[in-house]
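Going by TrEMBL, these are the annotated features:
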REGION    631-652  region 'Disordered'
TRANSMEM  33-57  transmembrane segment
TRANSMEM  214-232  transmembrane segment
TRANSMEM  239-263  transmembrane segment
TRANSMEM  283-304  transmembrane segment
TRANSMEM  325-346  transmembrane segment
TRANSMEM  379-396  transmembrane segment
TRANSMEM  529-554  transmembrane segment
TRANSMEM  560-582  transmembrane segment
């Protein structure tokens, strides 16, 4: 349920009222959208399969040499490349010959790379030392065709062995490379290998280099989301004060750290690499966005600070409704499990897309991989699949929760609750309402940002428009904007609950929910707004701590990583997981108020038409919104249901 009220709605008296009767509708809704989603996923599966076959994520994950061999695994030979197809199981690091050669930089080419078992951590000044290093460590720093016994005797040593002296290097998780440790060599080496890499490879390299940090932060945000779930389960006034205080501190810390990092980057005279420059630009963008968000949230917290006691009572009522549906709080676990599985699959395919290419044998038997035309530029289709599928999974969760809570709410006999409401709701969802979830997830995602923008514009123009109407003036542009805002406001997640009650398609359900909420907005809007805002603050808290941990962790290895993308991945994961867990309370709260509005629409509290609502909930509404006066004054004009009073639950 949205906090912005019925101001954007068509008046209920001018709209034909539908009959709200929760029941089982043996009818599939929005089937064409389900077919469209199936066709979309058919294309997505084709891209996945082709990218996995044509790509080689192992090259990105483990690193590879100049002869077509992936380090750390057994390789297949490449036709025309005599040094390919070798067993590199024990050689897991990539060593670059002549990494400090200035000629390399002038040519704009990377040096010859080899797979070695270990990196030379001390400088090697002579060929004898190179030979000794090979005999002791089994790490051969010359081209594979030259035996280590001939390092000091062969006449072709100058082209087959590294230029002396060999600088000390240490293994780095970025492609398992041996990174030179001397400052002048490191700068030249990085500028050649990093700046000449394309943007996609730099992004993927940042993800792979920080994969352990990303995984650790995802586990941390998952645990924090779970803790927030139980915190809202046992909510109290003190706990809300603690949550709000932590949110304020988290926002200020994240904002301060981002500006400090940007200042640190701008004053670092050694910032030469493209990755460092990209990180600096991202830091500025993140700092500006976080500052704006912090100011807005602090202003909202200050404005709504006096409603904390009311919010505690509201969440207690919500928890009581959740207790009527056994195992409802465990619903986000399977949602998170499915999301994590899908995201892992999505990242694996992304890696394959980034490495899809065909091997071409160059001069001297070296192998280069030429990117496949078209396939690497399908990332946008892959990105749409990520967003749409993630939203679809979350929509399925909302419809499941809605179906279960509707069944428990519209139950006359409180001593005989519905059996297995969650499983029954899942059955109805997968058999009849998948098309509704597909359509809703697409429309809500596409219209989310335009909806906010147009509503802000409408709110700004609202007062001048009223003055113009009072003077008899009329502007078609205002009328068009009003119609656009009206239809955009129809699209919200209350449609899922209306679909669970009436079994109608998404757009019809959105219109029904919109109308009945408008009719009862005097009872609902003020009460529900701050409850949803406190739940939103819980999500912000999880994201703040996840981003703060990412800033601290990624900043220690920022030179060779575009770590803005890994940071965004952590923030995205934290946001979705926190939303998945805490949306149970948000969904339950919205469903509770929509069911309350339907209850008012079909019953009047008399012995013939008693309310379904819990007496404690009714008492709460009366205390907060002067229910009796509002109903006697404003609800008399409502169109009651004249065909009986008994509402059947959506599931049996």
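Even glycines carry a Cβ here, placed using N, Cα and C.
What TrEMBL says about a protein is an automatic prediction, not a curated fact.
Outside the transmembrane segment (283-304) by six or more residues, the chain places 244, 247-248, 251-252, 254-255, 258-259, 261-262, 265, 529-530, 533, 537, 540, 564, 567 with a CB less than 8 A from a CB of the stretch. By the count of Cβ pairs under 8 Å, the stretch nearest in packing to the transmembrane segment (214-232) among 33-57, 325-346, 529-554 is 529-554. The transmembrane segment (560-582) shares the most Cβ pairs under 8 Å with 529-554, out of the stretches 33-57, 239-263, 325-346, 379-396, 529-554.
Below 8 angstroms of C-beta separation, residues 37, 40-41, 43-44, 47, 200, 335, 338-339, 342-343, 346, 349-350, 353, 429, 434, 437-438, 440-442, 444-445, 496, 576, 579-580, 583 of the same chain, each at least six residues beyond the ends of the transmembrane segment (379-396), sit close to that stretch.
Same-chain residues lying 6+ beyond the ends of the transmembrane segment (33-57) with a Cβ under 8 Å from its Cβ atoms: 70, 345, 348-349, 351-358, 369, 372, 375, 378, 381-382, 385, 388-389, 392, 434-436, 438-439, 442.
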